[in-house]
């Protein structure tokens, strides 16, 4: 009898110890929303405007931000940047603009620029710049160090400094909170002959960059000497 009592006491003690390490959920409805496939676990990472795009997953490669947009640092997009668990180096998900909405009604638009680890209790993990995290979750998020939200992919023009993808619209310098942006909003794909150019260009503004070989930079961010690169409605900026 004494042995049994001691064993039960040990079990109760262990259960209490484990319970003290359980991650509290500031949004108890997030599990219901997870069935919709758009739940997000939110944390923050110490990015800053001077963080080099060389050190994030969306660096070089065909889909890299340095390659496509000519950004050397996160400054043009900061602070609305986030690592996301659904991408990797040279992923086509690099540069996607997401609207992330917390249960308190706050929302931010962030550009996917890096990779972070997945989590078992949400569909996607967002690891944001501290300022974006604070704007989304406020003091409660700061005290907990994490939170939950929902997310959806939106037009690049909603994200600050997001220049869009080669198959989507180009966002330019839009503010975080609105649907307006400073860039072009073409939603068609680049002409096939344009994509056969001699490389990419941009320097921060697709179609207004400089090609290393002196050829034309089209509005789609490709270098070349065809009509679609150099003139008319398809042609782009300077050489």
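Placement of Cβ uses the backbone N, Cα and C atoms for every residue, glycine included.
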### Task
Scan 120-159, 160-199 against TrEMBL and say which stretch is down as region 'Disordered'.
160-199
### Query
Does DSSP put residue 230 (disulfide bond) in a helix, in a strand, or in coil?
helix
## Note on the structure
Least crowded of the disulfide-bonded residues 211, 216, 223, 230, counting other Cβ atoms within 10 Å of each Cβ, is 230
### Task
Average the pLDDT scores across the domain 'Chitin-binding type-1' (198-239) and report the rounded value.
58
### Summary
Reduced DSSP state (H/G/I helix, E/B strand, rest coil) at residue 211 (disulfide bond) is coil
### Query
From the Cα of residue 211 (disulfide bond) across to the Cα of residue 230 (disulfide bond), what is the distance in angstrom?
12
